[in-house]
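What follows is a set of notes on a single structure, which appears directly below.
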Amino acid sequence: MARRKPIIAQRSLAKERKPEEMRPSNAERSAYFARREAAKVLRSTLQGDARRRAVGSIKSLVYSPSIRNKKATFALVCQTLKRLSVIKDVMEEANVLSAKWKGVSLYGDAEKYLMLKKDALHSALSRILSRKGVKNVEDLVALDKFSEQKPRYVRVNTLKIDTENAIRELRQEYEVQKDDMVPDLLILPPGADLHKHPLVTNGSIFLQGKASSMAAVALGPKPGWEVIDACSAPGNKTLHLASLMKGKGKIIACELNEERVKRLKYNVKLAGATSILCVSSCPPPICIRKIPDKLKILIDEIMRISPMRSKPSIYVEVKHGDFLKLDPNDPSYSKVRAILLDPSCSGSGTAFERLDHLLPSHSAGHSDHADVRRLQKLAGFQKKVLEHALSFPAVERIVYSTCSIHQIENEDVVSSVMHLASSHGFQLATSFPQWPRRGLPAFDGSEHLLRTDLTTDKEGFFIALFVRKGVQKPKDYERNAEDHTDIAGRTKAYKPRKPLNIFIAKMLKVFPHPHFKLPRKKTMELISQDI
């Protein structure tokens, strides 16, 4: 009996425990871990911002594999950063940070300590609200110029669905409006979460900002053209070009980063695998130009007689390589008529999307020497790729765009190449004449440039359109793109075709077919030929 007393005593103590000492519920545990994960993200974000060496954007940190409760963590991080200045003011007003943290460990008990100072914090907040002349915290936060939310923009992929059907589907859950400037661009309420919507997951619509969508429209490619997207990943602008070209023509999509190439290929396939072909050319597992002539002719015939031929047929050649290494005098690019150039930039115009406007450095307006050196380096690269784009002999239209708000990356780059552009016959043209915000008055002609405002439009973007007229083109260039375009999207003149190899036709199970009926004499000649 003596051995049971401790057990009985433990049971009696368990019954006498206070409610707050009981085991927390699942919801409380989830909230606790969300706060812990949010604290880790905030620590990394704020430390990187203070050192001007960000580990990653806020979204990339939150959506990393190590974060389990992503939705709750993201909400906590955003709300904390939005109110960070208020939190700092309240802490300083209450003088809690200067007090001695007696009995508090360095990890895990800060929340308990602040709860002990709850009354002092409430009093400090009341004094701040009185000084600012506002009634509550929401009014205090609303004084920030970035407090207004950005609408959700989505672009309809017309290669898979028409705009009206997309609107009909989306209106089952959201209020939807058409944008009055960019075709097939829809406006949804702020905060509309479409990441798991069926139209997004199957590639019928893409989440893309308005300013970003304006670049491809400004380029204005026509069906049947050959176009280069010089810095294409993740592929939103590439696929927008494909839609604007009505699914007819050829797009050469260049991307240097291997991981981004994978994302580009995925998006190209998602946009419509039956309409878009994707061939990686660096390193080339198989290249269209290296296929034997007879096999190319056979493939052309198969594509021509295939029932898929009535659908949009655009060829997207994904080049895992550097745009600067493309030879403008290579015959492969002799028919390229337009280039979309959206090179690497500071990304300062995406502060709202990246949530950089919530960081202390953005609100303070800091710009140290490291930032200036980085901008200068970026501007040098941007000038180099723009000069390279201007050297393609058959190009008629070039769009240079950045998601930057800095003059050094925008007007200064354009101004530095104007002499070269003029020597090649290019001049600046006005894109979207109805748009009110134009380029900074850095040089004569800057009124042709287009800018979006980070505060007003919630996205800082820059577009310059170069146009060249009077480019001499081959006589057969304007032939019908659908009837006279080979599998690689290259237009071709009428000329006698080489005979097909009968063995390849049998191997691909397309023989016999009316299009493959050959005279007996010609058939015997083909049998003796090598593949």
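For all residues, glycine too, the Cβ spot is worked out from N, Cα and C.
Database features (TrEMBL):
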type: ACT_SITE; residues: Cys403; note: active site, nucleophile
type: BINDING; residues: Cys231, Ser232, Ala233, Pro234, Gly235, Asn236, Lys237, Glu255, Asp322, Asp342; note: S-adenosyl-L-methionine binding site
type: COMPBIAS; residues: 13-23; note: compositional bias 'Basic and acidic residues'
type: DOMAIN; residues: 142-469; note: domain 'SAM-dependent MTase RsmB/NOP-type'
type: REGION; residues: 1-28; note: region 'Disordered'
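In sequence order, Cys254, Glu255, Phe323, Leu341, Asp342, Pro343, Ser344, Val385 are the residues near Cys231 (S-adenosyl-L-methionine binding site), counting only same-chain partners six or more apart with C-beta under 8 A. In the shown protein chains, 15 other C-beta atoms lie within 10 A of the C-beta of Asp322 (S-adenosyl-L-methionine binding site). Rounded to a whole value, the Cα-Cα separation of Lys237 (S-adenosyl-L-methionine binding site) and the residue listed as 'active site, nucleophile' is 13 Å. The distance from the Cα of Ala233 (S-adenosyl-L-methionine binding site) to the Cα of Cys403 (active site, nucleophile) comes to 14 Å. Recorded residues Gly235 (S-adenosyl-L-methionine binding site) and the residue listed as 'active site, nucleophile' have their alpha carbons 15 Å apart, per Cα-Cα distance. Binding of S-adenosyl-L-methionine is attributed in the record to Cys231, Ser232, Ala233, Pro234, Gly235, Asn236, Lys237, Glu255, Asp322, Asp342, and the widest Cα separation among these residues amounts to 19 Å. The number of other CB atoms found within 10 A of the CB of the residue listed as 'active site, nucleophile', across every protein chain shown, is 24.
Note on the domain 'SAM-dependent MTase RsmB/NOP-type' (142-469): mean pLDDT across this stretch is 84.
In this structure the C-alpha atoms belonging to Asp322 (S-adenosyl-L-methionine binding site) and the residue listed as 'active site, nucleophile' are separated by 21 Å.
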